[in-house]
Amino acid sequence: MPVIPLDDHHWALTTPSSTYVIGVEIDPDTGEAAPRQTYWGPRLSPEAARQVTGLPRRHVSSFSTPGEVEELLPVDGGTRWGSPSLQVAFGHTRSLELRLAGAERHEEEGGAERLDVLLADAHHPFEVVLSLRVRQDTDVIERWTTVRAGAEVAVTRLDSGNWFVPDAPAYRYSGVFGAWAEESQLQRGPLPVGELVFTSRQGITSHVANPWVMIDAGEATEEHGEVWGVAVAWSGSWRLTTTQRPEGGVCVSGGFGHEGLRWTLAPGEELVTPSVLGLYSTGGFGGASRAWHAYARGHVLPTPFEERPVLYNSWEATTFAVTEAQQLELAKTAASLGVELFVIDDGWFGRRDDDTTSLGDWFPHRERFPDGLSGMLDGIRDLGLRVGLWVEPEGLSKESELYRAHPDWALHLEHRRRDEKRGQLVLNFARDDVREWALGWLDRLVTEHRLDYLKWDMNRPFTQAGWPERGAGQDLVWIEHTRGVYEVMRALRERHPGLRIESCAGGGGRVDYGILRYTDEVWPSDNTDARDRQTVQHGFSQLYPASAMSAWVTDSPNPTTRRAMPLRYRFHVAMAGVLGVGGNLSEWTSGELETAAELIAQYKRVRRTVQHGAQYRLAGTPGQERSAVQYVLDDQVVVLVYNPLGNAKRGPRTLRLTGLDPEALYELETDGSRLHGGTLMGAGIRPAAWQPIGADHRSELVVLRKL
Ligand code: DGJ
């Protein structure tokens, strides 16, 4: 039983290797209820968990040591001074005084259990439900909050939950940050005393930061040590506040929205947050990542165990200048290489010759495709390829038939400018009519062309975002837009079970555990330079599995960075995720095409392991020095080895594998030699690409089979 009642007010939530103990403390003087976390760490027996609840609490002094860091949802109210996870105003009165109204345990599908702790304000008709879900096959705990208004209330902060990280002598934080073409840069450092806020105010997940943070006690390594991770499963604006009190005590509170938004609820309305996910792991950062990946496969991704096809995408080759003849030519070459899915990117619709027009006009470009898209798409399918199209359903160009007909469909504020970014505005997916319109044309497009795949792009963060007709409630568009996007994706998939969707937002602006419920893979960055991409992939892999990471081989020199790199290196980097090709194949030499075909065939032999296996980041800073990444599934072991700077004297030359059976024999595919797992993990192998003197950008694929 994952949720174990310890007494009337305490519960132990048990996952395969962790325990999370919570209890509701009631102030004897005021009657105020504060649900608290009393333990989050290695798995305890129910008896030990019960003992934990009896241990003396942290010392709380009346001057400066607030107890709220341990609360499951510290509210703005009572004697608290920290960053509130829940803040509301009843008319002119802020401050909540919550009383315990009950607790319910629910059995859910698949052996999951949910605990709901019910609270109610002492005076105002306002209820709060804290929900916690545990499952028997993952250490990830899902938490969320529901608030119900009995009278009008303005909500100015509503986090999904606050997580307390147990006391340690020192703390570090890890997270990924970035910018366009430089997403998912891993940052790790000492956790400062004070409040550290990672946030997106963009209405989308953003390139600037990804909605997760991991805390360790300053001593975790890639494969050892305790790590506490928190991630917000949401694709709109979000905020994660990590607090380290000067007196000690660390907590991470996370949820949707950013500061300044005000969600007004009418009597009878409720607001439910997305989930915030918490994971405790003792296997270092690598162990934590593998636990996140397994959670994604087990409980998030819609098609977790499918082998993702090798795709070709024409964006870098043709940009907006899409024509039937040139796409068919590319498709012919792509098919001859072993590519399985052909995706036509931006430029096929409206009068889309550049990024200034036509978003909203989802009919074939009249000059380029006077007879429609069927000739081109059927021609591609006749080559044995699956077919996909780029769309940006939330995009709206002022220069479009749609905008002329429905200017009010754009997110906008009364008496404010409608500034464009990348020549566009954002359609308000909170509106029923907009969602109906979007589902209508997407459904027709997919049906008419039997599309296998959509690349769903979103190139415009929100600004001046509102819905004037909704008056005081209009800030809810920051939530309802995202839910509207989820809903259209969900309904589209329901109508077309074979359809697969890629999430993209001007590169990696929408990568998170919210969108991964509705999409099969995501585009991590518009930067396709293999060296830069290694850094991006390293950051991506901290939370998300390789099966969700789209990666293309493009031209050399790279169109963005101008860096030249051998084809093999570019392939080996892209083979670490879902392999795609995005170069201008009409300019590749016959030798390059031959190598590409050979590498695609190799990828197909290992892709199940790469995409769905346990991933180990073996060594080195990817993209900057010798590094390697290993995947293990069933009897196959796949290692991708990289050496960007051939003549570097420093760094390891021996590569020790990990996660193998020490007693078993493993056979190397290249020469048939057989080594014990113990030898491979203890002594290692000496990859040719890592030996000292040689060219820059050497790489290799090592495949072993367990006998
Ligand atoms: C941004 C995406 O990240 C690119 O891959 C491409 O699809 C362009 N948009 C098209 O406008």
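Using N, Cα and C of the backbone, Cβ positions are placed for all residues, glycine too.
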Check your understanding: So TrEMBL lists Asp345, Asp346, Arg422, Lys455, Trp456, Asp457, Met458, Asn459, Cys504, Asp526 for substrate; which of Trp81, Trp144, Trp163, Trp180 goes with them?
Key -> Trp180
Study note, to complete from the structure: Across the domain 'Glycosyl hydrolase family 36 C-terminal' (627-704), DSSP labelling yields 9 helix, 31 strand, 38 coil
**Study point:** Euclidean distance between Cα atoms of Asp526 (active site, proton donor) and Trp180 (substrate binding site), Å
**Key:** 7
Check your understanding: For Asp457 (substrate binding site) and Asp526 (active site, proton donor), what Cα-Cα distance in Å is obtained after rounding to a whole number?
Key -> 12
Practice item. Run through the Cβ atoms and count how many others sit within 10 Å of the one on Trp180 (substrate binding site). Key: 16
Point to revise | Spatial separation of Asp526 (active site, proton donor) from Lys455 (substrate binding site) - C-alpha basis, Å | key: 14
Check your understanding: Near the Cβ of Asp526 (active site, proton donor), how many other Cβ atoms are there if near means within 10 Å?
Key -> 18
